[in-house]
Amino acid sequence: MDWFASGMAPFTTALLLMVGLVALELVGALVGVLPSGMIDSAFDLDADLDADGDLGGGPLGWLAVGRVPVLVVLIAFLTAFGLTGLIIQWLIEAVTGGMLPGWLAGALALVPALPATRYLGLGLGRIMPSEETEASSRTGFVGRIATLTAQTARPGLPAEAKLTDAHGLTHYVRVEPSEDEVFEPGARVLLITEDSGVYAAVRDPSA
């Protein structure tokens, strides 16, 4: 079977992209910079939650965005879409001896793939901290120590830092110096205020 034939290519490509995203997330976990956290910070989903109160009423909320990181939802969708499409084409080929055009098989695959993405996201949301919980507890991070990850933070140019909350869970936040100084990767800082998802910080007084 030609995995990159016109009828199979959309689904093979989706699964390959999924594998690449999973690998990227695993590498990020090893080096301490999670792409999923960076994507959510870039889109400032926490601020959206604060403004709207809930993402659950729209299409993104229905797909579990807001319960799990956007990248996780994308991985779930690519997996569901790719596998569903392959199964459809295998069944059609077994019955008729040929495959559907890629666009038609893709449209059919979307029908079960979207609900599958939703329920997989909801399932993951039961074991992962939700964005809504994160948004409501952000001010609780004030007073905690965070460590800069892979970027340098300057006034007006926040960088990612990670911290551990009272439950032992790791969170990634954006940090910038409260004064005219520079925080290098690995610097330990004390979070003192929060504004629109960005924390002002000073160097860890105990360091």
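Cβ from N, Cα, C; glycine included.
TrEMBL: automatically predicted annotations, no manual curation.
Note that the coordinates shown come from a computational prediction; the quantities given were computed from them, not determined experimentally.
Annotated domain 'Inner membrane protein YqiJ N-terminal' per TrEMBL: 10-118, in sequence order. Residues annotated as domain 'Inner membrane protein YqiJ OB-fold' in TrEMBL: 141-202. As annotated by TrEMBL, transmembrane segment applies to 12-34, 70-92, 98-120.
Same-chain residues lying 6+ beyond the ends of the transmembrane segment (98-120) with a Cβ under 8 Å from its Cβ atoms: 5-11, 62-64, 73, 76-77, 79-81, 84-85, 88-89, 92.
With helix defined as DSSP H, G or I and strand as E or B, the domain 'Inner membrane protein YqiJ OB-fold' (141-202) counts 1 helix, 35 strand, 26 coil.
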